[in-house]
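> Taken from TrEMBL, the feature domain 'G-protein coupled receptors family 1 profile' covers 1-83. Under the heading region 'Disordered', TrEMBL lists 112-133. If you look up TrEMBL, you'll see 26-47, 67-86 marked as transmembrane segment.
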Amino acid sequence: QVPRAPSQPLASSESRRFTNKHSKKALKASLTLGILLGMFFVAWLPFFVTNVAQAVCDCVPAGFFDVLTWLGYCNSTMNPIIYPLFMRDFKRAMGKFLPCCRRSAEPRPSAISLSMRNSNSGPRAATSLKNVL
């Protein structure tokens, strides 16, 4: 018999933990996408079906058509509410840039730090104003 190394059970349990973590993330992403697409179809499908029916038979009252149009607009209003509920990263990003969602301990990033972060041109060791000019 070959003795078992103590790292084998650890690797197996860590592999399972890694798989569980990613499967939970995939499930949550699928759920969020399903909710978003479901709401989109519930809100906009009646509008598009009615639009086609109106083109074929001209039998849809204008008030009903307006209600269906506003139902679609309400779907667009719901997206900024749904994203923070289901996506932690989106919630963090909103908290950084919107004053109403920011915690008091988090300082607002300055425009200079944002532009340096986005341009991938952080401070360089040997660069100074004299060297540039």
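Glycine is no exception: its Cβ is also placed from the backbone N, Cα and C atoms.
On this model, are these features tucked inside or out on the surface, and what's nearby?
Counting only same-chain residues 6+ beyond the ends of the transmembrane segment (26-47), those with a CB under 8 A from a CB of the stretch are 68-69, 71-72, 74-75, 78-79, 82, 86-87.
Note on the transmembrane segment (67-86): residues 28, 31-32, 35-36, 39-40, 42-44, 46-47, 50, 94 of its chain, located 6 or more positions outside it, place their CB under 8 angstroms from a CB of the stretch.
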> Return the average pLDDT for the domain 'G-protein coupled receptors family 1 profile' (1-83) as a whole number.
82
